[in-house]
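S.K.: According to Swiss-Prot, the protein carries these features:
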BINDING   Cys434, Cys440, Cys479, Cys483  [4Fe-4S] cluster binding site
BINDING   Cys483  siroheme binding site
Amino acid sequence: MTQKHPQTLVVDAPLSDAERLKRESNFLRGTIAEDLNDGLTGGFNGDNSTLIRFHGMYQQDDRDIRAERAEEKLEPRYAMMLRCRLPGGIISPEQWLKMDSFASEKTLYGSIRLTNRQTFQFHGILKKDLKTVHHLLHESGLDSLATANDVNRNVLCTSNPVESDLHAEAYEWAKKISEHLLPQTHAYAEIWLDQEKLATTDQEPILGATYLPRKFKTTVVIPPQNDVDIYANDLNFIAISENDQLVGFNVLIGGGLSITIGDKTTHPGVAKDIGYIEKEKVLAVAEAVVTTQRDWGNRSNRKNARLRYTLERVGLDVFKAEVEKRAGVTFEASRPFTLTGRGDRFGWVKGIDNQWHLTLFVENGRLLDYPHRPLKSGIAEIAKVHKGDFRLTANQNLIVAGVSEEDKDTIEKIARDHGLLENISELRKNSMACVSFPTCPLAMAEAERFLPNFLTKVEAVMTKYDIADEYIVFRTTGCPNNCGRSLLAEIGLVGRAIGRYNLYIGGDRVGTRIPRLFRENITEDEILSEVDSLIGRWAKERDGKEAFGDFVVRAGIVKAVTDPAIDFYD
């Protein structure tokens, strides 16, 4: 990253309207409670439709029928998407069964969507059922606070069931970080849980009265796995162990993938290393990074408000020095670590505690009862007999964790009977798509509904070139916000319009390199033609087991992106 001498630590420009909204919200209350009682509309009005995001919900409508309803002079079919706060992705079978019942009985789509941020979403909750789901979450020991908007989002932690002791400690740090950085406002409890308003004035000592300039994403990773995609997140703690004991963390800051097509002041970025800390300093450092971004981040232009842009504006060293000052730490030189891959370990693996763990592939995270493949019911049936826990992965899959030797056969039979243990190609296992249509209001092209059939065609190409057992990290996202993390894939598709995508190639398998734009605004047939040609060359010309992304760079098909702030658009 190019170091700059800061002209000013704070952007001197008029604040965006989002800042007005937060300032006037009375610590995220707005008039949400009044809107809940408005039976004339299925949605929330004005600022409230944005404020509910801080409470973990997005107002959406079914875009498949939007035009039809408009012709009939009806408002869109508004329904809410709710995202649970689940640091580290661990949920008990008892909790899961309650969530499963709600999805079946109280949502328009009857599904549970696993996300690539290790949690789950309900799509299609009617306004009248919102308090029901929040009470259900609360009674189950869960909530949805701060899973969206300008706060620290759900904290990720490597899904590592094998090294159980190390994972347990890393997971506890993920939970502690999540709790430490949560909003302190009582608004969530007042509005959704009917708790009485406190006589004291709300305080937000970490996030501040207007919260953060933009979303903020945090991870804890246990090398060599990079399933949580550390380089795509604002704040990352890389676990360093000695003699199988956690001793501290390397800290990386400033990753992010969202861009705005046509605006070259926006670009993706990979997180940068700022040094090593002892584990006891984690919360102090997390707070210092967040508060420095709170104070220095761009509150004028939301497109340039993420931490990576703050680092570019003030300089990485300046930001690091401020974090050291606020946290009362001095970063040591980073400890060496190695990343070997991002994929999940499917099937049964045995942990050092002699417990078994079964990782199940859930295509694009959608748990639904399909004809002949009742996936959602299968997980529920497993939950009824499972004595361990479930772990949701950052690849949108699910681990049945902590299975005893005597329970293995029972769990496996349920999974197999419900289509949860089918033979899946390596390509498909390493794929990912965001939700996109019909529920996402930002979607420009299909993603989740597009990728499965398209991958079938790519699998045929792999078979044609006799490399069906190989894989490419292949991701699709419906818009440039990049929720599907396409801009850290070997092949990434970014939606531009219905049936059209930008094609990016040249990322690496472990997730350290941004891919480059190869073809712009092309159709599915054109994408398949390009991919066929590229895979053909890779199969023929690669160096041994050279990965696809590394090959297209070495062969000169695209130039590697080395510093996205400078050369992403070259």
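Glycine residues also receive a Cβ, built from the backbone N, Cα and C atoms like all the rest.
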S.K.: Per DSSP, Cys483 ([4Fe-4S] cluster binding site) is which: helix, strand or coil?
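M.R.: Where Cys483 ([4Fe-4S] cluster binding site) sits, the three-state DSSP reduction gives coil.
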S.K.: For the [4Fe-4S] cluster site given as Cys434, Cys440, Cys479, Cys483, which other residues of the same chain have their Cβ within 8 Å of the site's Cβ centre?
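M.R.: Here the non-site neighbours turn out to be Val435, Ser436, Leu442, Ala443, Ala447, Thr477, Gly478, Asn481, Asn482, Gly484, Gly495.
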S.K.: If I restrict to non-local contacts, at least six residues apart, and a C-beta distance under 8 angstroms, what lies near Cys440 ([4Fe-4S] cluster binding site) in its own chain?
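M.R.: Correct list: Gln60, Cys434, Gly478, Cys479.
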S.K.: Can you give me the same-chain residues 6 or more apart in sequence from Cys483 ([4Fe-4S] cluster binding site) with a CB-CB distance under 8 Å?
M.R.: Asn116, Cys434, Val435, Thr477
